[in-house]
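Below is one structure, written out as structure tokens, with a few remarks after it.
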Amino acid sequence: MRVVNRKRTDHLMISAPTVEETGRLPLVIYVLAVGVFLMGTTEFVVAGILPEIAGDLGTSIANVGLMITVFAFGMIVGTPAMAILTLRVPRRVTLSSALVVFAIGHVIVALSSNFGLILGARFLTAVATGAFWAVAAVVGAKAAGPASSSRALGIVLGGGMLANVIGVPLGALAGQSIGWRGSFWALAALALVAAAVVHRLVPADTDSGAVPSWRAEIASLRDERIWLVLSGCAVVCGSSLAAYSFISPLLTENTGLAASAVPLVLVGYGLGAFVGSNLGGRLGAKHQYGVLFVSAAMTFLVLGALCLFSHNVIVTVILVVMLGLFGMSTNPILIGMAVRYADQAPTMASALSTSSFNLGTAVGSWIAGFAFASSLGATGPVLVGTGVAALYFLPLMILLRKERTKRTAAEVVN
């Protein structure tokens, strides 16, 4: 009996095939992508139903735009705060709870006629979104393993890109056909379903050692490379989204497209972003800096070309798709780098990455607004994006030099 038991035990101790051996990512990666898809949809769906919300609430479209601003602010502030507050909470619980809070926020918006309460619910939703994004990136990277982390993050973040292609248009269509509140009810229901699936499929934490503390997390952020990566996160989103935030007037005023055709171009941008995120994640696993520098150069060139050729319909449409493709291809790589450099603080690094992306978006679109109101008109935001894109090379070059120095020092020691 003892021999049999030993054989059985030895058989059970054989480890499961790794991602590198099978080439297949765990199912949980795609479940997390669904959660990010829902949260990406709610972030941008308001833009498609602004008139409907304004008419129902009896306020101006400009005021309704605060629903987007408050959401961005909630992501910037709430993501690192929630990363600290949930350090001692199992990641599976954090993810499922974030989806439940996300659903509650949408129910409040769907039921309320008080605009102040709606803004508060949007802030609550943003905080839940930030908590989910930060932890989802860590869980996804760990589930895939170091060699496939960029690829896994490309899939997870691709859920947010896919929201621009499918979620936002469907949300706008639902808002126009059954009322804008219907979009929020649908997102709330889907979030509850996702919460149940996430709680079932996300594995329990397997990290051994001491219980993490916020002091340990912050202490692990002393590596200068982390802050270079975070600055890259802010700049990459600030450049592409400064232009994208005002792409509609560029298409109608400069290019001469009919307003009804603008959503189709935006779908093209979303498709480009979705492909770029996944392709960047795959290629970045083996050619990290190659992808970063090529994407930076192409984003700069695409934005510069938009400034020059925005009066040509065909060229402009192609350039908008390329902006999505190259402008969003570096996101999974940058988050993966931040998580690796942080070592003992992966959750905080992921949270700060999310905040940096949103900070870049907020600042870039804010400056672009001033440029749009100037004599530059619809071309102004694209010029702002081009200038910001040029700054992207600075942190990349410093980061590459530090990597080479660190590698050389390690070789000398060995």
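Using N, Cα and C of the backbone, Cβ positions are placed for all residues, glycine too.
Pulled from TrEMBL:
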DOMAIN    28-404  domain 'Major facilitator superfamily (MFS) profile'
TRANSMEM  27-49  transmembrane segment
TRANSMEM  61-86  transmembrane segment
TRANSMEM  93-111  transmembrane segment
TRANSMEM  117-140  transmembrane segment
TRANSMEM  152-172  transmembrane segment
TRANSMEM  184-204  transmembrane segment
TRANSMEM  225-247  transmembrane segment
TRANSMEM  259-279  transmembrane segment
TRANSMEM  291-311  transmembrane segment
TRANSMEM  317-339  transmembrane segment
TRANSMEM  351-372  transmembrane segment
TRANSMEM  378-400  transmembrane segment
>> Can you work out which residues elsewhere in the same chain, 6+ from the ends of the transmembrane segment (351-372), have a Cβ less than 8 Å from its Cβ atoms?
In response: 69, 72-73, 75-77, 79-80, 82-83, 130, 133-134, 137, 221, 226, 229-231, 233-239, 241-243, 245-246, 249, 331, 334-335, 338-339, 378, 380-381, 383-385, 388
>> Quick check for me: are there 3+ Cβ pairs below 8 Å between the transmembrane segment (184-204) and the transmembrane segment (93-111), leaving out pairs under 6 residues apart?
In response: yes
> For the domain 'Major facilitator superfamily (MFS) profile' (28-404), what is the mean per-residue pLDDT, to the nearest integer?
Replying inline: 86
